[in-house]
Amino acid sequence: MSTVLVLLDHADTGALRGSVLELATVARDLAGDGGAVHGLWVGDEPLDPALPVLGRHGVSVVHAATTGAADPRLTPVLAEVLVDAVTASGATVLLALSTFENKEAVARFAVATGAGVVTDAAAVERDAEGRVVAAKTVLAGTWTTRCAVLTDPAVVLVKAGAVPAREVDADAPALPAVSAREVAVSERATRARVVERTAEEPTDRPDLAAADTVVVGGRGTEGDFTALEALADVLGAAVGATRVATDEGWIGHEAQIGQTGVTVSPRLYIGAGVSGAVHHRGGMQASGTVVAINSDPEAPVFEIADYGIVGDLFVVLPQLTEALRAR
Ligand SMILES: Cc1cc2nc3c(=O)[nH]c(=O)nc-3n(C[C@H](O)[C@H](O)[C@H](O)COP(=O)(O)OP(=O)(O)OC[C@H]3O[C@@H](n4cnc5c(N)ncnc54)[C@H](O)[C@@H]3O)c2cc1C
């Protein structure tokens, strides 16, 4: 019988990140009949509001871990909590969202436990031998690989949007049982401390890595993202950028998509003034439908676009936004 543990990423308010429910769905498939899906809630944010939705997605036990004075947002602290939770739950598979923080935490976890890790997985399944196998693109999106994790526990970080979240097939799914524990974190894990935190201005836009639709600007914007932002707002989309745009300081580095930025796999990617360089493609090639707007008909982005518009983005984007508003 296999237990799969899912790291329950959540906001400071206690709101679950939507893609966590996708992980619970993957976890159910990996656990199989007779297996169990456990969740790991780290921190003292209110857990109760999340329990019904976790129950509906097949989570039977939530390990609620606190760390005393140690800040669980620090990856060395989180790594020690992961070791504790995997031991306490007896999990043979650990799943988490593929974020920068989680990648660092599971790398530390792997050093401590010897576990095999795959990050940025787009799909996870068990093969005929029961091994956990994760599919991911590598080498700037030019190859797709399948990697079997040969250790127990196996650790896989899954990209947001990899699978649709599915509720369990039951009229009244049970609430998960909660197992609370305070983890004694080592002195070594607390040698760096957060001394100040300032919240960024809240935005109504979705998280870039998890968004269903992204509107992306490149050098062609010449630093003016107004038309992109207007389109993004009509579509409820996140705004992303190429490295040129972030290096120029036109938009924050957290918006950079590509080999050295965020990897996205939205259902719809709209790129404007983006040439489609290989380093950028590496972070968006798994997108569903790709729309490119570029004034150069020879731009490489048209090779991967499902729909291409040859034109000036400052003309095309406002027309598109107006047409969508009119609908
Ligand atoms: C090690 C390494 C890592 C890198 N990592 C990344 C990464 O993570 N992400 C990333 O994006 N890049 C990355 N890069 C940079 C990458 O190679 C490209 O230089 C970059 O992606 C190009 O950005 P761009 O498309 O905005 O600019 P350009 O390649 O200059 O293209 C601009 C495009 O805009 C079009 N255009 C101009 N004006 C208009 C207009 N008015 N209307 C419509 N179209 C217009 C032009 O025809 C052109 O095709 C990396 C590079 C290296 C060496």
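Each residue, glycine too, has its Cβ placed from N, Cα and C.
Features reported for this protein in TrEMBL:
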DOMAIN    4-198  domain 'Electron transfer flavoprotein alpha/beta-subunit N-terminal'
BINDING   Arg219, 242-243, 256-260, 273-280, Asn294  FAD binding site
- Task: If we count other C-beta atoms within 10 Å, could you say which of the binding-site residues Arg219, His280 has the fewest?
- Result: Arg219
- Message: What are the sequence-distant neighbours of Gln256 (FAD binding site), meaning same chain, six or more residues apart, C-beta distance under 8 angstroms?
- Response: Gly240, Ala241, Thr242, Arg243, Ala245, Thr246, Val262
- Note on the structure: When the binding-site residues Val274, Ala277 are compared by other Cβ atoms within 10 Å, fewest goes to Ala277
- Query: Which state, by DSSP, holds Gln256 (FAD binding site): helix, strand or coil?
  - Reply: strand
- Note on the structure: DSSP, reduced to three states, assigns Ala277 (FAD binding site) to coil
- Other CB atoms, at most 10 A from the CB of Gln259 (FAD binding site): 17
